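Engineer: Here's a structure for you.
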Amino acid sequence: MIDLIVFLGNYGKKYENTRHNAAWVLCDSIEIGSNAVWQSKFKGQYAKLPSSMTPGRAVHLLKPETYMNLSGESVIAAASFFRLKPENILIVHDELELKPGILSFKWSGGLGGHNGLRSIKSVLNTADFFRLRIGIGRPDFSSQGGDASPDISGYVLSRFAQSELDVLKSQVPQADSFFKELLEADEPQTLIKKWAKVLPSQS
């Protein structure tokens, strides 16, 4: 079962609606996030889902406010307090290797150069946790010329174009369905095939 859902992002006005904050954009739009009662705890914003949504057990939401590179500090604080194992944790994060708006549920795997995932792996001592990846796509640097270094950091820290936000938010109904099924699932692995790659309804 998933007992802790972590939405990765950077804290502060300057990072609102940036690509690296795709998980926060989604969180603020979906049912479980928009209806949550958030409080400052575990070095981030924390909420417990109402018992009506998770009968017989507690499920926790977390938005680390440590900045992306130190996300693990917030995750380990919550995981230790609630005595959770890595396999009970879902990390929701932006993903360069997926086209904008695509949602992809997976178990374990590489870090893809994502500093938030790297920090979490460091504190959990394993990469064996569930992920919901949100596609932000790779930028086209062809206009920079062959000698230019691709500015990936600048890309992920820049704001979504409105068209990209529209595509992401078109996934809210799908994301709501995913989280509903996830909260009801005794074995999250059974959902991987269905939710391995969910295309946006508009692009």
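Glycine residues also receive a Cβ, built from the backbone N, Cα and C atoms like all the rest.
Taken from Swiss-Prot, the feature site 'Discriminates between blocked and unblocked aminoacyl-tRNA' covers N10. Summarising the annotation, Swiss-Prot assigns tRNA binding site to Y15, Y67, N69, N115 and lists sequence analysis as the type of evidence. Taken from Swiss-Prot, the feature active site, proton acceptor covers H20. Per Swiss-Prot, the feature site 'Stabilizes the basic form of H active site to accept a proton' maps to D94.
Help me picture where these features are in the structure shown.
Structural biologist: Taking the Cβ of N10 (site 'Discriminates between blocked and unblocked aminoacyl-tRNA') as centre and 10 Å as the limit, one finds 21 other Cβ atoms among all the protein chains shown. DSSP gives N10 (site 'Discriminates between blocked and unblocked aminoacyl-tRNA') a coil state; it is part of no helix or strand.
With a cut-off of 8 Å between CB atoms and residues at least 6 apart in sequence, the same chain places N115, G116, R118, S119 near N69 (tRNA binding site), listed in sequence order.
H20 (active site, proton acceptor) carries a helical DSSP state (H, G or I). Neighbour list (H20 (active site, proton acceptor), Cβ cut-off 8 Å, at least 6 residues apart, same chain): G9, N10, M68, D94, V156, L157.
In the three-state DSSP assignment, the secondary structure recorded for D94 (site 'Stabilizes the basic form of H active site to accept a proton') is strand.
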Engineer: Can you give the largest Cα to Cα distance in Å, as a whole number, for the residues Y15, Y67, N69, N115 that bind tRNA in the record?
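Structural biologist: Those residues reach a largest Cα separation of 16 Å.
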Engineer: Other Cβ atoms within 10 Å is the metric here; tell me which of the recorded positions Y15, Y67, D94 scores highest.
Structural biologist: D94
Engineer: When a 10 Å sphere is centred on the Cβ of N115 (tRNA binding site), how many other Cβ atoms does it contain?
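Structural biologist: There are 18 such Cβ atoms around N115 (tRNA binding site).
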